[in-house]
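Per TrEMBL, the features are as follows:
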type: BINDING; residues: Gly75, Thr78; note: Na(+) binding site
type: TRANSMEM; residues: 39-60; note: transmembrane segment
type: TRANSMEM; residues: 67-85; note: transmembrane segment
type: TRANSMEM; residues: 97-120; note: transmembrane segment
Amino acid sequence: MALTDRRELAAVFVGGGVGTLARAGLVHALAVPPGHWPWATFVVNILGAALLGVVATRLAGTDYRRSLLGTGFCGGLTTFSTMQVETVTMLEHGHHALAAGYTAGSIGLGLLVLQAATALTRRVWP
């Protein structure tokens, strides 16, 4: 993306804002104390991986919808850093097995869902 392409930057900005608001709403609605599975972050990261698989497969790299939905919305919706903070918080509270399961589950299932969404998208929309 050329830095002079303000339309593409605007698409990323708008998509990122909407994705971030969606995540914040879900995190607020599904807040859990340390020692419990952080479902909101887990769900947005898995859904974001699935959507990104579809977007990356269907939309060309120069399509503004890819910037809006992929870089913007999926980037705002998903959050690797929050997953890490939640994992460290679990560790600090002595929930080592939960932290390991959460990290492995988030990364592993995210990769599987991304691959499945990509394969399904290619099959449905050749």
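Note: Cβ is positioned from N, Cα and C throughout, glycine not excepted.
TrEMBL entries are annotated by machine, without manual review.
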*List, by number or range, the same-chain residues at least 6 past the transmembrane segment (97-120) whose CB is under 8 A from its CB atoms?*
35, 37-38, 41-42, 45-46, 49-54, 56-57, 83, 86-88, 90-91
*Output, ordered by sequence, the same-chain residues six or more apart from Gly75 (Na(+) binding site) with a CB under 8 Å from its CB, or 'none'.*
Val12, Gly15, Gly16, Gly19
*Proximal but sequence-remote residues of the same chain as Thr78 (Na(+) binding site) (Cβ under 8 Å, at least 6 apart)*: Gly19, Arg23, Val44, Asn45, Gly48, Ala49, Leu52
*Looking only at DSSP and grouping its letters into three states, which state does Thr78 (Na(+) binding site) belong to?*
coil
